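Annotation comment: TrEMBL describes Cys2 as active site, for GATase activity. The domain 'Glutamine amidotransferase type-2' annotation in TrEMBL covers 2-187. Summarising the annotation, TrEMBL assigns L-glutamine binding site to Asp98. Annotation comment: TrEMBL describes Leu234, Ile302, Ser376, Gly377 as ATP binding site. TrEMBL lists Glu378 with the feature site 'Important for beta-aspartyl-AMP intermediate formation'.
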Amino acid sequence: MCGIFACHNHPDVVKFKPAALKLSKAIRHRGPDWSGSVTCHNTILCHERLSIVGVESGAQPLTNADESIVLAVNGEIYNHRLIRKSLKEPYHFKTTSDCEVVIPLYMEHGLDAPKHLDGMFSFVLYDKNQDRIVAARDPIGITTLYQGWSSEQPGTVYFASELKSLHPVCDKIESFPPGHIFDSLTGERTRYFQPTWWDGEKIPETPLDLKVLRETFEKSVRKRLMAEVPYGVLLSGGLDSSLVASIAQRETLRLKKLSEEANGHADESSVDPDKGEGLVGIDDDNKLSTMTFLPQLNSFSIGLPGSPDNEAALKVAKFLGTKHHVMTFTVEDGLNALSDVIYHLETYDVTTIRASTPMYLLARKIKAMGIKMVLSGEGSDEIFGGYLYFHGAPDKAAFHEECVRRVKNLHLADCLRANKSTSAWGLEARVPFLDKEFLEVAMNIDPKEKLITAERIEKYILRKAFDTSDEPDAQPYLPDNILWRQKEQFSDGVGYGWIDALKDTAEKNVSDDMMKNPRPEWGSDIPDTKEAYWYRLMFDEHFPPSCASTVMRWTPKWSKQTDPSGRAIAIHKAKYNDAA
């Protein structure tokens, strides 16, 4: 991930520049590799870079030939090679960065440019000739982006990857909505992402095709191995991360074999990078070209000693042949990190904080090993109704509507966790389940196929798509007892003692009187548990009340419980099944 800070229509941008650089520095953890800025007219764009693609040449902000367009991007454009090849007008690229394609796309398609991007991204583009700022965020909100305003400068607009860069200068801040684009010429944000499944009340009827489901997901994982730096996979031992790891390992071994066969004799003398040739990424045949500097795929898990996730992850890693790294943490380690976690997450949501703390600790270890990018399994539970509370769905229409609602809110929950827990240490997380093409397939399946019944465990169709037991010549993706393991929410799977310790510590820090007398500035957003109250207090230590409107609390549906833990759902089984 990278970090963006931008300000447009400032009354004195030259005088503001030192402050802008300081505000950008507040998110340098997202991009520790390089810093850049461009000041022009009344606008400044700042960028903190994490270099993963176009390592040698891709410093930002990026500009076109006459420097009339300036661009700052956070994210990855997986189809950048295809875009380079399909441009209507010849364009000479200054870098091999995947992000540079946004400039010629804007020149050809204007505000429709994001529609052509396949990836995770937030960008701010300045068009000098029109004195115009354009900002956009990826369809699901995998990358983070905020927009802010100041009552002292009503005509000025600000953008940043994190709240901490905005609240010192803005008294109104909003989470920039995913799938939208902002145009300063109109001052409006409009939705560019309009998939067929977006209306949750429209129940899809597409018949289930397990082969299409499997192949589309494999392609999604393949895209996300685009890199020029060492990468790895987060492996909790649950279904989602294990499938990602399995496919990534297959692709890594295939690429290694090709590399050995080529024996370093690739002919690069006649390639044309302006057409996407010789660059990392997916080509016309959906085949991957990438560079990896580690002899094995590294996988990582974390938990308290003896945690369910670490035990399961070890089994998966042994089966797949990855080089696995188990990290254990103590309850004290987690408690000590809580304030820092909340500072980086910029939320007080209970579920997000519980799960993010181990992920935050693990990300630091991964970065210390020289890994800069990891694949992760977020999004599957929202797409397929994998949370245990989905057992309570009354019918397929309600089931589908809840899936759509969950996917739409991912930017406020699991995407926020994956993005900020890792970027706190300059590590990038990529999430194959939230691929645009895969979502189009998975969200349009008749939801009757996703319903949880006595015969069908949660996410049955995803498991079945990768079940090769009836394919004699096929190599299995996962062991059966992992493929059919019951859902553990990440904060549960790292060890049940973690959640218990959080509740116990909150009990000591928040009195009954405090619960009865919440702070007036909280308005109607009153914490309903001592744990939630405790997190809100820590949030307030870092951020003013104006930031609270960007937070959403994760709560299960069809359940009377106040605790969002999956373990609190009656159907939960403490030990995963050994068979279906």
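Placed from the backbone N, Cα and C atoms, the Cβ positions cover glycine too.
Bear in mind that TrEMBL entries carry predicted annotations, made automatically and left uncurated.
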### Query
Do you know the mean pLDDT across the domain 'Glutamine amidotransferase type-2' (2-187)?
97
### Summary
Cβ contacts within 10 Å for Ser376 (ATP binding site), all chains included, total 25
### Pairwise Cα distance for the residue listed as 'active site, for GATase activity'/Ile302 (ATP binding site) [Å, integer]
25
### Message
Going by Cα-Cα distance, which of the recorded positions (Leu234, Ile302, Ser376, Gly377, Glu378) sits nearest to Asp98 (L-glutamine binding site)?
### Response
Ser376
#### Entry: Other CB atoms, at most 10 A from the CB of Cys2 (active site, for GATase activity)
28
### Query
When you measure from the Cβ of Ile302 (ATP binding site), how many other Cβ atoms are you left with inside 10 Å?
29
### Query
How far apart, in angstrom, are the most distant Cα atoms among the ATP-binding residues Leu234, Ile302, Ser376, Gly377?
15
### Task
Give the sequence-ordered list of residues that share a chain with Glu378 (site 'Important for beta-aspartyl-AMP intermediate formation'), lie 6 or more positions from it, and have CB atoms under 8 Å from its CB.
Asp240, Leu410, Asp414, Cys415, Arg417, Ala418, Ala429, Val431, Phe433, Leu434
